[in-house]
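Visitor: Summarising the annotation, Swiss-Prot assigns S-adenosyl-L-homocysteine binding site to TYR24, CYS66, ASN71, ASP103, LEU104, SER138, PHE139 and lists similarity to another entry as the type of evidence. The caffeine binding site annotation in Swiss-Prot covers THR31, TYR156, HIS159, TRP160, ARG225, PHE321, and the record cites similarity to another entry as its basis. Look at Swiss-Prot and you will find ASN177, ASP263, PHE265, ASN266 tagged as Mg(2+) binding site, backed by similarity to another entry. Annotation comment: Swiss-Prot describes HIS153, ARG225, SER269, VAL317, PRO332 as site 'Involved in substrate discrimination'.
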Amino acid sequence: MELATAGKVNEVLFMNRGEGESSYAQNSSFTQQVASMAQPALENAVETLFSRDFHLQALNAADLGCAAGPNTFAVISTIKRMMEKKCRELNCQTLELQVYLNDLFGNDFNTLFKGLSSEVIGNKCEEVPCYVMGVPGSFHGRLFPRNSLHLVHSSYSVHWLTQAPKGLTSREGLALNKGKIYISKTSPPVVREAYLSQFHEDFTMFLNARSQEVVPNGCMVLILRGRQCSDPSDMQSCFTWELLAMAIAELVSQGLIDEDKLDTFNIPSYFASLEEVKDIVERDGSFTIDHIEGFDLDSVEMQENDKWVRGEKFTKVVRAFTEPIISNQFGPEIMDKLYDKFTHIVVSDLEAKLPKTTSIILVLSKIDG
């Protein structure tokens, strides 16, 4: 199935479910690492909300693209802890926290809500009672009533696209990104342009929807996968997709995958530069940029001394967030072979010395009026 429409992507874009060894819940250590780096930005956003004269009785916060790992629990705990701190400082009496957890319909909401222990949300007798609700649906459209949210958080979700970029086949119906699943050094310029155009369209839709839902002077804290350099085909920003394409091509050569399935598949994700993100926000004009920064991190797997252990652990992380969409295109029956091949490529081609991963932290405030 070619991922040419938003409806198709929405059906298959989710992290691996459950709590098994290939699940996202068990393989989200890197995004936890990213979230810990972004925690000060979230803390500052809550502080900022208290400095703006909202006369709050309840703070309404949304975590968009929450998945089902422990990262969402850390977000809730951080917001709640900062609210309790400010309440003690300001002698607030009846402040409550309402958190909306959003992701697409295929998300493992059962595992997510099973993890919402009293340690995360506390109890209703505490100084800041916390109430949690699930909100399934695409964040590229409206999810909440007008002027209903004070704080929006999203981590490692906004770089996913509503569909594979348009215009990646010729008039004759030939694939323009043959043998690849993302931008690469061999991709023609039209592929790069199509990916940036799709990200521009989708991120603008995201901002437009939030501009209607967030109250004036409300805050958004967005963490997304990105890149430091201007070249989107730089190995640091596309190595995961490049290695996956190599693994798929190996199975094509063995007759296990039809070549046309590889040629017509383009991953619906884009790792933008800081300049591209900034430009889209400024063009939209609904939010001011309070803070934007990029930072590079080694994956936690790099702490392992043995290259095979590093490679296998990295494969589990990649499988956790790619298997549903990859399986939908190429078939569940060859997933074990595919990710085993991926491990061998990681170890032999890179000696499991993985490039650093770039993340972008973006803090926005809704313009008043």
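Each Cβ is built from the backbone N, Cα and C atoms, and glycine gets one as well.
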Visitor: Can you tell me the CA-to-CA distance separating CYS66 (S-adenosyl-L-homocysteine binding site) and ASN177 (Mg(2+) binding site), as a whole number of Å?
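Guide: Checking the Cα atoms of CYS66 (S-adenosyl-L-homocysteine binding site) and ASN177 (Mg(2+) binding site) gives a distance of 31 Å.
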Visitor: Near HIS159 (caffeine binding site), which recorded positions out of SER138, HIS153, SER269, PRO332 have their CA within 10 Å?
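Guide: For HIS159 (caffeine binding site), the recorded positions whose Cα atoms are within 10 Å come to SER269.
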Visitor: Quick one: give me the count of other CB atoms within 10 A of the CB of SER269 (site 'Involved in substrate discrimination').
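Guide: I get 21 for this one.
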Visitor: Let me spell it out: for each of the recorded positions (HIS153, HIS159, ARG225), count the other Cβ atoms within 10 Å of that residue's Cβ, using every protein chain shown. Which one has the most?
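Guide: Result of the Cβ crowding comparison: HIS153.
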Visitor: Counting Cβ neighbours within 10 Å across all chains shown, tell me which of the binding-site residues ASP103, ASP263 comes out on top.
Guide: ASP103
Visitor: Please report how many Å separate the Cα atom of PHE265 (Mg(2+) binding site) from that of TRP160 (caffeine binding site), as a whole number.
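Guide: Cα-Cα distance, PHE265 (Mg(2+) binding site) to TRP160 (caffeine binding site): 15 Å.
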Visitor: Please list, in sequence order, every residue of the chain apart from THR31, TYR156, HIS159, TRP160, ARG225, PHE321 whose Cβ lies within 8 Å of the Cβ centroid of the caffeine site.
Guide: SER155, SER157, LEU224, SER269
Visitor: For the caffeine site as recorded (THR31, TYR156, HIS159, TRP160, ARG225, PHE321), determine the largest distance between any two Cα atoms, in Å, rounded to the nearest integer.
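Guide: Those residues reach a largest Cα separation of 15 Å.
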